[in-house]
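Structure first, then comments.
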Amino acid sequence: MKITLSTVCVISLTGLFINIIIKLGRRQALVLILCLIELSAVAGQARYSIPEEQAEGSFVGNIARDLGLDVTRLISGKARIITKGGRQYVDLNKDKGILVIKERIDREELCGKTTPCSFSFEVILENPIQLYRVTVEVTDINDNSPSFPKDEINLNIVENAALGTRFSLLSADDSDVGVNDIQKYTLKPSDHFKLEVQNQSDGGRFVEMVLHNPLDREKEETHSLVLIASDGGEPRRSGTVRIHITVLDANDNSPVCSQPVYKAEVKENSPEGTVITTVSANDADKGHYGEVTYSIPPVAKETKQLFEVNVLTGEIKVTGKLDFEKSKTYQLNVQASDHGGFSDTCKVIIQITDENDNVPTIQLMSFSNSISEDSPPGTTIAVLNVDDEDSDGNGAVKCSINSDVPFKIESSLTGYYTIVTEDFLDRESNPEYNLTITVSDQGSPPLSSSKNINVKVSDVNDSPPKFDHSEYTKTVAENNSPGLSVFTVSANDADWGQNARVSYFLQERDINGLAVSSLVSVNSDTGVIHAVISFDYEQIKWFEFNVTARDAGSPPLSSVATVKIVVQDQNDNPPQVLYPVQTGGSLVAEMVPRSADVGYLVTKVVAVDVDSGQNAWLSYKLQKATDRALFEVGLQNGEIRTIRQVTDKDAVKQRLTVIVEDNGQPSRSATVVVNVAVADSFPEVLSEFTELTHDKEYNDNLTFYLVLALAVVSFLFITCLVVIISVKIYRWRQSRILYHSNLPVIPYYPPRYSDTLGTGTLPHVYNYEVCRTTDSRKSDCRFGRAGSQNVLIMDPSSTGTMQRIQSEKSILDESDSPLEYLSIIYCFHFSVNSLLNCCSYISLFFFPCSHHLLFLLWTLRAAVGLYSTCKALHPLYSSKYTVGEQDIRLFSTLILGGYIRSPTVDYNCIERRTISTV
């Protein structure tokens, strides 16, 4: 197998071309130049030669190397084979870059007798589109033997046949070509006949048997011969046919054809039965031997199916479908025979004329149904092959596309056309194009065919988003709720898909020291603008910001729109009185002399409203006055004037309440109290206004403070009770533990011990000191430690000293002793006393006129005091303890101190007393 590039052929023929130019004339040289130009137009095509009957997968050629391509280029370019016919004999191995046999190739089936035998196909690559033509020549091998149409030939020959009489024989057929075709015929034996073979113009051979020795029926009535046809292949193959000759009696004359060669023309696609021509022959004999019949010796199967001859008349008719594209000429051998065994043969050459019966065909070799809109002019979108099986003008085709598209068609190779872009594309103007490819031949009438293809223009992000308006203005009422949807900005993108997905963003900027994102926000998907805060017209009346619309292309494109938000004023601010100034602690009064006339200007109420427009239009009205007949207020200017003459009967103290209203919907108002003193001198005014009580405007939070104070005092009281009860329980548990203990008591007597302070029989001394002030809320009670807590006094004259000491010890340590019980009761009284005192002060501060409430609180204090005194004296009168009158008086004073003010008790200081426990 070998490859031959046409470019190599051109170079190899250059030397020969120069020599021919020298020898030939100018005209012949011009023809040769044109041929070479045509050859260079297909530069780059490859040609291979392979024998037929190769096994599948056999190597054909290295197409990548021969075309100068890399294997990676074959893979990336999606290289593939395009064939015109339905069968593909060769396959492309892209991984190795070689061509291999895909299907067994039979040269006889592919080309018949045509030589050389070859088939062509195209190798096409994409990105960019490249087209290469490959021709594979199939060489013949001697795989077919010569064969005769019949196994036997029977001839009747009269015995007096003249020497040199010719008898036509059947020719053998060999599907092979060249040296593998039939090379010679041999006749055995050759006693009476010899063999002559004549070559015909169509490449066939005419075999005749010539009589060269006379026949004698009486000596040999029959003869058997063998005709052998041999080819020149390796190994040599042959075919035979047996010839049986029967010798007849004499027939003196042979038929003679009127013409040795007949030529006729017939149109392809002629109907069956069409008479092509008529052959004739004459026989000089009379009677039975003078009758001539016509026949066509066995021929190829295809020819036998197309023609027939009338046995009696010699008319040759069409019996099949003639196709100029399959065969242009046919040659028939018509044999004229008489009944005596003589015959003559004439040739009939039939020329088939072409008819425009084949419609041009269009086959897409490569097609990309999508093209980017930024593709430059000249970008290939399709490669197509146009073919017309007719010849000459009937096969000359012209290819075109519709003119309303930005594409054009160009011819690349013979029969191949490419469709390329003629101008820049714009998907937004036209997203797709319908192309109609029309091909027509030049026959009469011309035949044409068309093919429609649809080309879609893929999007490129070349169109920025466009807002409906470059500027937006929207009015928003102040005091809006945060998150209010103000309005929606919208931008459209002429692109498609991801390139048309628009997102919205705020451009950051400062507005009165605030970032625009702290005022408004925009939904990135829908473009809805929301108010982040509640707008206040008095702080900001309008503001502008920019919204950017950006698509999702790569790179992204954007556009900007300006948005202006105008804040609309609402009547949300009441009027503010600037004059007269309202003060909580001091009294301001305007003086009007008693000699004032009608229309006297007392004062002017000055008020402003921070709203705007009609919301800031103020009107003044007199709401309340001590004497309405004395004063009036100007509706627009707020001036307070007298409407009559001031008299001595008019009160000195005049109180006017002026209301200031705006013109909003609903209207808001403010009131101001104007004190007017009708007097001629300032001392008179002071004497009248010293007893003037002012109405106080209580704050709403005072109630909260009152409740808080009560809660705190209650908490302290409950905490104190819990602590006292806890201590009580703890001591009781300790006393129980000591009481049930079985440990022995061992007394200890310190040496040299004497009691110098005690005058009675008690070994322990308890001191307490109570100091009182005239104010029951401030008191102090201090209990002293036992004076001789750690001193043991012994009476040497007493024998029961130990027992008395133990008894006294148990009394002093008793958990419910009078002093301890008294301490607990006093703490309880002190907490209750503090709680009631706090309530009294709060009621006096906030409700100075509530005498009933104050009386109720002091009654509760007295009741609690009496109850506490009874509880404190109850254990003192029990059988366990003995208390004197002064002790009872002291306890009562201690408990009732701060509740009942007794004239017999010195509240400044109560002297120290000593209570001895028996």
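Using the three backbone atoms N, Cα and C, a Cβ is placed for every residue, glycine included.
Automatic, uncurated: that is what TrEMBL annotation is.
Per TrEMBL, the features are as follows:
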| type | residues | note |
| --- | --- | --- |
| TRANSMEM | 5-22 | transmembrane segment |
| DOMAIN | 44-148 | domain 'Cadherin' |
| DOMAIN | 149-262 | domain 'Cadherin' |
| DOMAIN | 258-362 | domain 'Cadherin' |
| DOMAIN | 363-467 | domain 'Cadherin' |
| REGION | 441-466 | region 'Disordered' |
| COMPBIAS | 441-455 | compositional bias 'Polar residues' |
| DOMAIN | 468-577 | domain 'Cadherin' |
| DOMAIN | 592-689 | domain 'Cadherin' |
| TRANSMEM | 702-727 | transmembrane segment |
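Averaged across the domain 'Cadherin' (592-689), pLDDT in this predicted model comes to 86. Note on the compositional bias 'Polar residues' (441-455): DSSP counts are 0 helix, 9 strand, 6 coil. Sorting the domain 'Cadherin' (258-362) by DSSP state (H, G, I as helix; E, B as strand; all else coil) yields 8 helix, 47 strand, 50 coil.
For the region 'Disordered' (441-466), the residues of the chain that approach it from at least six positions outside its boundaries are 356, 358-362, 364, 367, 369-374, 381-382, 384, 388, 390, 393-398, 407, 425-428, 430-435, 491-497, 499-500, 502, 549-551, 553-559, judged by C-beta separation under 8 angstroms. Counting residue by residue with DSSP, the domain 'Cadherin' (363-467) contains 4 helix, 55 strand, 46 coil. The DSSP breakdown of the domain 'Cadherin' (592-689), given as helix, strand and coil counts, is 12 helix, 43 strand, 43 coil.
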